[in-house]
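Features reported for this protein in TrEMBL:
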- 6-27: transmembrane segment (TRANSMEM)
- 63-225: domain 'Glycosyltransferase RgtA/B/C/D-like' (DOMAIN)
- 66-82: transmembrane segment (TRANSMEM)
- 88-109: transmembrane segment (TRANSMEM)
- 139-156: transmembrane segment (TRANSMEM)
- 168-198: transmembrane segment (TRANSMEM)
- 210-233: transmembrane segment (TRANSMEM)
- 253-277: transmembrane segment (TRANSMEM)
- 297-316: transmembrane segment (TRANSMEM)
- 322-342: transmembrane segment (TRANSMEM)
- 354-373: transmembrane segment (TRANSMEM)
- 379-397: transmembrane segment (TRANSMEM)
- 409-428: transmembrane segment (TRANSMEM)
């Protein structure tokens, strides 16, 4: 089922990019934390200072290290300030994570089927897919930990005779992870290094582990931004950073800790649907067998999984993306388990899983067709519909072939996100940023104008991307913006704050109107009744452009 001819890791990575891309590279969904990185990257373009992150309100922000900001900035530099540019390198990081998982498993196991199945499972991981559609640190952390995982597995495989490339991968991966997330990456890396030095099955000598060029380079990478910020801003930045890393994030209520621990433990299993179902057969016996074959690897997997689950349990608010760093090792272990227990020979179960996913895809496609039938659409969207339907038909008729069932299951998971973008095209696009961009072009607003923004900060972030680096937009607090708006050339205001602004001092035009997700039921009903434009005007979220009189 996983023959040489039927599998290519590069093809799998390309499929990940192609199928997740439409959902990721426009603002079909916009995760709240993305604004911190895109707002700061726009300001970096405007000022030339690429070291210091700022909020859209022009306040300093030191809560996260610099690497995520630079990934967004790199996209803006290469492709211009667009939604595509803000996310492209995060999507590619998700695909790269799949490749590193495959590489790690290929190093550790002689059976190539383990590497192939591990890569396939990683590519269909919902947490990885969702993280790759957001310009936030998590997918970068997952990629960097996957890089270091390859290094760790090189030491597990070769012991003290490990080639030098595994030193570089281990330490550079951890250094980059530290520049992405900070202390959680350091804690996980420290545990892994301690395990290599102390485990009784494949113990590594300290002198063999600490290859000086790799360690020194990693220290420079890991410490660069922190030293630079201390040099420029003093201890103020460190206080803000530590508060985010260990202060406001850590919970101390016993019931909350128990709740988060149970949720994290459950998700470690559930996130591998449908794959973990295939591994339930004789799981205790098979797990014991795996430990007997390679106790050093199994011990590392258990250590990292427990560490991440416990760290996730300690936070004030738990998110499933916190589990991403353990997925590379967990995918390799589960891939090994499924090969050992003969799961790929259970054709009926594989077929049932595929048919279930095809059914879900069909429902998602029909919803998208419904929305696009009654609203103005595009040839690109109808092309997506034809592509999804054709692929579903292809998978259905190929279901009886033994070759390729795991790939088709993974492809069906990825296709759900591709198909979802058909529906969200009508709900979310064009986003407020693109609408304001068009308004500014139509009204010939001069570049370099200073714009005050009063409204939802997440929408403000999308608008800032739409305006680009040519305009200087500042977020103002709805509580005290009245005294400040005189300092700006124009004002952009959310509808609910419009009444707070003196109407005799500004003339207002509607610059953007979008469907409000709270009224999705009304939207669907209006399509059937043929009055969607009226309902959108009545319930949609509006932003007004104010010009001083």
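Each Cβ is built from the backbone N, Cα and C atoms, and glycine gets one as well.
No curator has checked TrEMBL annotations; they are predicted automatically.
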Can you work out which residues elsewhere in the same chain, 6+ from the ends of the transmembrane segment (409-428), have a Cβ less than 8 Å from its Cβ atoms? 12, 15-16, 19-20, 22-23, 26-30, 120-121, 123-124, 126, 129, 133, 274, 350, 353-354, 357-358, 360-361, 364-365, 367-369, 371-372, 375, 377-378, 381, 384-385, 387-388, 391-392, 395, 514-515, 517, 520, 523
Suppose you look only at the domain 'Glycosyltransferase RgtA/B/C/D-like' (63-225); what would the mean pLDDT be? 95
Against which stretches of its own chain does the transmembrane segment (322-342) lie, if we need a Cβ under 8 Å and a gap of at least six residues from its ends? 97, 100-101, 104-105, 108-109, 111, 113-119, 121-122, 125, 127-128, 131, 138-139, 141-142, 145-146, 149, 153, 177, 184-185, 188, 264, 267-268, 271-272, 275-276, 278-279, 281-283, 286-287, 289-290, 297-298, 300-301, 304-305, 308-309, 311-312, 315
Sequence gap of 6 or more, Cβ distance under 8 Å, 3 or more pairs: do the transmembrane segment (6-27) and the transmembrane segment (88-109) meet that? yes
Any residues 6+ beyond the ends of the transmembrane segment (379-397) with a Cβ under 8 Å from its own? 22, 354-355, 358, 361-362, 365, 368-369, 372, 408, 411-412, 415, 418-419, 421-422, 425
Contact check, the transmembrane segment (297-316) vs the transmembrane segment (66-82), 3+ Cβ pairs under 8 Å, seq sep 6+: no
Going through 88-109, 168-198, 210-233, 253-277 one by one, which has the most CB pairs that fall under 8 Å from the transmembrane segment (66-82)? 88-109
Go through the chain and flag residues at least 6 beyond the ends of the transmembrane segment (168-198) whose CB is under 8 A from any CB in it; none is fine as an answer. 64-68, 137, 140-141, 144-152, 154-155, 204, 206, 209, 211, 214-215, 217-219, 221-222, 224-225, 241, 245-246, 299-300, 303-304, 307-308, 311, 325
